Amino acid sequence: MGKEKQHVSIVVIGHVDSGKSTTTGHLIYKCGGIEKRAIEKFEKEAAEMGKGSFKYAWVLDKLKAERERGITIDIALWKFETEKYSFTIIDAPGHRDFIKNMITGTSQADLAILVIASPPGEFEAGISQNGQTREHALLAYTLGVKQMIVACNKMDDKNVNWSQDRYEEVSKEMDLYLKKVGYNPAKVPKVPTSGWTGENLFERTDKTHALGKWYKGPCLLEALDNCDPPKRPVDKPLRLPLQDVYKIGGIGTVPVGRVETGLIKPGMVVTFAPSGLSTEVKSVEMHHEALPQAGPGDNVGFNVKNVSVKDLKRGYVCGDSKNDPPKGCASFNAQVIILNHPGEIHAGYAPVLDCHTAHIACKFSELILKMDRRSGKKLEDTPKMIKSGDAAMVKMVASKPMCVEAFTQYPPLGRFAVRDMRQTVAVGVIKSVEKKEVEGKMTKSAAKK
């Protein structure tokens with residue numbers, strides 16, 4: 001057994017008919033953990049329903065449907081490997097809660113594959129003012145997905161026919177747009193692909209192929225393998241948002257969550273925000289195994305001394321008492337992008353915020369300024385209202401105690417989705433937090449240390 005490959009999480013984004021599902025399905029099909037038998041079954045069903053041309057998308061739809069019906073699909077199906085990395089596709093659009101998931105991210109994406117349709121008319125629709133290509137690229141950047149690969153898909157379409165001119169035209173347009181969003185276009189590979197034929201997905205196109213005659217760059221899999229290894233924030237102070245709190249007979253209170261930054265280890269004294277309670281960690285476990293320590297990305301349960309289950313809740317944040325412990329907030333300022341709200345938003349609007357594992361109503365107490373959503377330049381001070389498509393700096397006040405952080409310091413605790421009318425109305429990034437000092441309880445074991 002060699003050294004374990006580094007894990008990289010991918011999110012696949014792009015306009016509705018760009019061929020995302022076919023491309024993703026094909027990737028998983030070729031490199032992933034789907035059993036041959038399951039694929040053959042899907043192929044047969046697709047053919048019977050006259051959907052032969054959708055066979056790879058069909059694979060993905062089947063997986064998604066099962067996932068949405070709550071049948072837990074072996075997550076290995078969504079994994080595939082390259083020479084250097086082990087990739088997991090953590091989400092593909094088409095999921096109802098895609099945007100919310102992308103923000104509160106059960107796991108944060110390290111890399112985005114932006115799939116665009118190359119045929120004339122289709123590409124233009126995706127990149128138009130209200131096209132999803134724009135929306136998704138902007139979201140990915142706003143939410144801190146640092147690396148991107150563009151798949152110029154549907155190159156096999158009869159109106160493209162592997163044309164170098166069309167590829168260059170589309171690439172140039174994408175570069176202009178990605179630069180506006182904030183990416184460095186020179187660092188974003190544009191890979192011509194066909195999700196349907198599989199051309200240039202897994203291996204470089206043959207020189208005799210219409211594409212191979214002019215394209216000499218990497219295939220999609222190589223481009224993925226060439227990505228920079230993600231840096232994990234081990235050296236930051238501990239932040240661990242609680243997903244659940246259990247009471248386990250004979251053991252006691254066990255909070256559960258994912259370490260976002262820093263390390264947690266037995267013997268450490270931790271503080272929970274927003275309540276300010278401090279106690280000692282007795283043990284840390286992952287998959288029923290005791291660990292000497294756990295770091296970013298680890299989903300763990302940890303046992304705490306002399307703390308009742310009633311004292312801790314989902315959405316609380318655990319941190320190291322001696323190293324920048326987390327605190328509740330009185331208010332915070334955030335840059336908010338309104339995605340889809342049917343009316344006008346005024347000061348006093350109070351939707352629900354999903355930030356890390358917290359789900360709390362927050363009031364837009366003050367609209368500070370309206371800004372250009374791409375350049376960040378100020379457009380007007382204290383606007384009367386904001387609406388879909390606007391970006392604004394807003395002062396927010398939570399309806400009950402909550403713990404959030406500035407995005408620059410602790411990214412996973414500094415981005416949020418605004419939910420209203422059962423959809424994601426806006427996304428936000430927290431710029432600054434006004435902390436609230438509380439006299440928290442300290443258990444005996446914490447006081448001793």
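Heads up, the Cβ atoms here are built off N, Cα and C, so glycines get one too.
Over in Swiss-Prot, the protein carries these features:
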- 5-234: domain 'tr-type G' (DOMAIN)
- 14-21: region 'G1' (REGION)
- 14-21, 91-95, 153-156: GTP binding site (BINDING)
- Lys55: N6,N6-dimethyllysine (MOD_RES)
- 70-74: region 'G2' (REGION)
- Lys79: N6,N6,N6-trimethyllysine (MOD_RES)
- 91-94: region 'G3' (REGION)
- 153-156: region 'G4' (REGION)
- Lys187: N6,N6,N6-trimethyllysine (MOD_RES)
- Lys265: N6-methyllysine (MOD_RES)
- Lys310: N6,N6,N6-trimethyllysine (MOD_RES)
- Lys400: N6,N6,N6-trimethyllysine (MOD_RES)
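Everything Swiss-Prot records as a feature, shown here on the structure.
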residue	record	DSSP (3 states)
Gly14	GTP binding site	strand
Lys20	GTP binding site	helix
Lys79	N6,N6,N6-trimethyllysine	strand
Met155	GTP binding site	coil
Lys187	N6,N6,N6-trimethyllysine	helix
Lys265	N6-methyllysine	coil
Lys310	N6,N6,N6-trimethyllysine	helix
Lys400	N6,N6,N6-trimethyllysine	coil
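Its own atom aside, the Cβ of Lys20 (GTP binding site) has 28 Cβ atoms within 10 angstroms in the protein chains shown. Through the fold, the region 'G4' (153-156) approaches residues 18-19, 23, 115-119, 122, 162-163, 167, 192-197, 199-200, 211 of its own chain, all at least 6 residues removed from its boundaries and within a Cβ separation under 8 Å. Around the Cβ of Lys265 (N6-methyllysine), the same chain contributes Val281, Val284, Pro292, Gln293, Ala294, each under 8 angstroms and 6 or more positions distant in sequence.
Between the CA atoms of Asp17 (GTP binding site) and Lys79 (N6,N6,N6-trimethyllysine) there is a gap of 23 Å, rounded to the nearest whole number. For Lys187 (N6,N6,N6-trimethyllysine), the spatially nearest entry among the recorded positions Gly14, Lys20, Lys79, Lys400 is Gly14, judged by CA separation. The shortest Cα-Cα distance between Gly14 (GTP binding site) and any of the modified residues Lys79, Lys310, Lys400 is the one to Lys79. Checked against Lys400 (N6,N6,N6-trimethyllysine) by C-alpha proximity, the recorded positions Lys20, Lys79, Met155, Lys310 yield Lys310 as the nearest.
Straight-line distance linking the Cα atoms of Lys20 (GTP binding site) and Lys310 (N6,N6,N6-trimethyllysine), rounded to a whole number, equals 45 Å.
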